[in-house]
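Asker: Below you'll find the structure I mean.
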Amino acid sequence: MSTLKVVSSKLAAEIDKELMGPQIGFTLQQLMELAGFSVAQAVCRQFPLRGKTETEKGKHVFVIAGPGNNGGDGLVCARHLKLFGYNPVVFYPKRSERTEFYKQLVHQLNFFKVPVLSQDEGNWLEYLKPEKTLCIVDAIFGFSFKPPMREPFKGIVEELCKVQNIIPIVSVDVPTGWDVDKGPISQPSINPAVLVSLTVPKPCSSHIRENQTTHYVGGRFIPRDFANKFGFEPFGYESTDQILKL
């Protein structure tokens with residue numbers, strides 16, 4: 001059987017729909033928790049604290065969360081990073097009103113004393129300085145993004161593009177400004193230092209700079225027969241790892 005290493009946006013949506021359908025029964029909250037946990041593990045793998053000075057350990061992981069599910073992954077990621085000993089700060093400029101669940105994610109961040117900045121707080125630009133920030137997590141838009149990019153996110157991404165060569169950016173599933181199938185079609189668009197594909201890589205991942213972007217897959221929640229049904233082989237995660245470097 002021929003296998004695919006990537007799935008289109010249409011197929012990715014079908015996978016999510018079936019996982020959350022009545023026969024399998026995953027909830028969005030469960031999948032988001034596992035996805036955000038895997039992104040946090042990728043940050044830990046790529047930017048380990050072991051052996052770092054106290055000054056380096058004190059740097060922030062700046063998580064920028066969009067209004068949809070990609071942003072929810074970022075909120076979950078920030079909570080786990082706090083538990084892993086990192087110093088996350090979340091910028092959540094346009095909060096989701098879809099369900100109570102997103103509000104609960106913010107309440108959890110407050111419980112763990114993770115700062116959550118709003119659009120009105122102009123000091124978010126202070127976290128785009130390499131002396132203050134270890135890395136930036138781009139959890140703005142995912143595989144459902146369609147251009148044009150609107151404010152406030154257009155301005156935010158323009159600022160990220162100015163610093164992406166001095167502060168590494170970790171993109172969740174699809175780099176913001178990229179079409180999930182065609183790659184970077186929107187200006188501005190991010191060129192991440194790390195890409196964490198969720199469940200299975202999307203076609204846009206073929207456009208990453210192989211010598212400059214580290215690629216992980218995460219979201220370890222599907223068995224072999226389910227993967228084969230959608231035309232790909234499951235990934236060879238080791239032991240209890242939630243991510244695999246590709």
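Keep in mind that glycine also has a Cβ here, set from the backbone N, Cα and C atoms.
Bear in mind that the values here come from a model prediction, so they are computed numbers and not experimental data.
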Asker: Looking at the K(+) binding annotation from Swiss-Prot, with D138, T176 already listed, which candidate in N70, N228 is the matching residue?
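Answerer: Candidate listed by Swiss-Prot for the same site: N70.
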Asker: Considering the (6S)-NADPHX binding residues N69, N70, G71, G72, D73, G142, F143, S144, F145, K146, P147, P148 given in Swiss-Prot, which of D173, D181 is annotated for that site as well?
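Answerer: Answer per Swiss-Prot: D173.
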Asker: Sequence gap of 6 or more, C-beta under 8 Å: which same-chain residues meet both conditions with respect to D173 ((6S)-NADPHX binding site)?
Answerer: A35, N70, D73, G142, F143, V196, S197, L198, K202
Asker: In sequence order, which same-chain residues at least six apart have a C-beta under 8 angstroms from G71 ((6S)-NADPHX binding site)?
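Answerer: Those within reach of G71 ((6S)-NADPHX binding site), by Cβ under 8 Å and sequence separation of 6 or more, are A65, Y92, S96, Y102, A139, I140.
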Asker: Between T176 (K(+) binding site) and P147 ((6S)-NADPHX binding site), what C-alpha distance do you get in Å?
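Answerer: Each residue's Cα considered, T176 (K(+) binding site) and P147 ((6S)-NADPHX binding site) end up 10 Å apart.
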Asker: To see if you understand the setup: which same-chain residues, six or more apart in sequence, place their Cβ under 8 Å from that of P147 ((6S)-NADPHX binding site)?
Answerer: D179, I185, S186
